[in-house]
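Have a look at the structure below before the remarks.
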Ligand SMILES: [Zn+2]
């Protein structure tokens with residue numbers, strides 16, 4: 001297969017990716033984690049999500065990456081149906097999320113790292129059993145705290161092996177600490193090219209030396225909680241992005257919304273999926289970024305990261 005990006009509807013030419021949101025969720029359920037008492041899912045009534053996706057398409061967005069892992073309700077067939085109905089190209093993830101969300105049936109603590117990797121690689125090659133839908137990225141895989149638990153380390157190692165063997169990029173979930181450096185170290189040990197690693201939620205730990213360390217190692221950092229995690233610091237996030245562009249890291253920056261709960265949708269009072277178009281891009285242009293800079297963040301960088309160059313066995 002020539003260079004391509006794998007969507008839930010099959011491979012597409014990387015040139016057709018267009019404007020891309022790299023870290024979203026269209027179907028989720030978090031309720032089964034014992035500590036969750038918030039409105040912890042996307043609405044079961046799909047009409048809300050479909051309407052938001054249609055609005056998103058009207059802003060010019062062409063592609064959305066759904067990094068919902070197994071264990072918080074990844075649903076390949078639902079993703080394919082939503083892509084068909086809205087015309088938005090959807091790229092699906094694979095792997096397991098983090099400690100509280102590892103499904104017991106995955107037996108992550110009992111199987112070998114290679115066996116976990118093989119399960120992901122089988123999906124990458126043949127599609128998720130029963131649906132034929134193939135993941136186009138590994139992740140999001142994550143850490144619960146500011147350390148990596150033994151089970152999380154096994155998942156990171158397996159995910160790294162699967163991503164390296166399948167030629168896919170890898171998205172992490174890092175939160176409110178410098179754990180991204182630990183994630184990157186483990187992934188590098190497993191042969192992953194840092195240029196194919198996205199440290200998700202990097203904006204939840206806004207220490208410049210931390211971001212610089214990730215960027216200087218060649219990884220990509222993603223600002224994706226701008227409007228729901230400490231939204232009072234929205235302006236500060238845009239200032240940081242402007243600074244990193246000025247410092248020469250434009251090619252390693254990503255921005256998304258991480259829509260993952262009903263309350264993030266406009267129908268439920270949230271910023272909605274179009275907030276990148278409504279608020280983020282005007283804010284960046286107002287800080288002196290050019291249209292070409294915007295295009296790098298939302299078109300060129302996602303295309304480079306998501307393009308599968310190696311031949312995936314048929
Ligand atoms: Zn996450």
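Positions of Cβ are set from backbone N, Cα and C atoms, glycine also.
Computed from a predicted structure; not experimentally measured.
Taken residue by residue with DSSP, residue 25 (divalent metal cation 1 binding site) is part of neither helix nor strand, so it is coil. If you take the C-beta of residue 25 (divalent metal cation 1 binding site) and look for same-chain residues 6 or more apart in sequence within under 8 angstroms, you find 42, 66, 67, 68, 72, 258, 259, 260. Positions annotated as divalent metal cation 1 binding site by TrEMBL: 23, 25, 140, 258.
Mapped onto three states, the DSSP output places residue 201 (divalent metal cation 2 binding site) in coil. Look at TrEMBL and you will find 140, 173, 201 tagged as divalent metal cation 2 binding site.
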Going by a 10 angstroms cut-off between Cβ atoms, which of the binding-site residues 140, 258 has the sparsest surroundings?
258
Residue 23 (divalent metal cation 1 binding site): tally of other CB atoms within 10 A of its CB:
28
Can you check which residues sit near residue 173 (divalent metal cation 2 binding site), meaning Cβ under 8 Å from its Cβ, same chain, 6 or more apart in sequence, and list them in order?
97, 98, 139, 140, 141, 142, 143, 200, 201
Around the recorded divalent metal cation 2 site, report the further residues of that chain (criterion: Cβ within 8 Å of the mean position of the Cβ atoms of 140, 173, 201; site residues excluded), sequence-ordered.
23, 67, 139, 141, 142, 171, 172, 174, 175, 200, 224, 258
Using a 10 Å radius around its CB, how many other CB atoms surround residue 201 (divalent metal cation 2 binding site)?
25
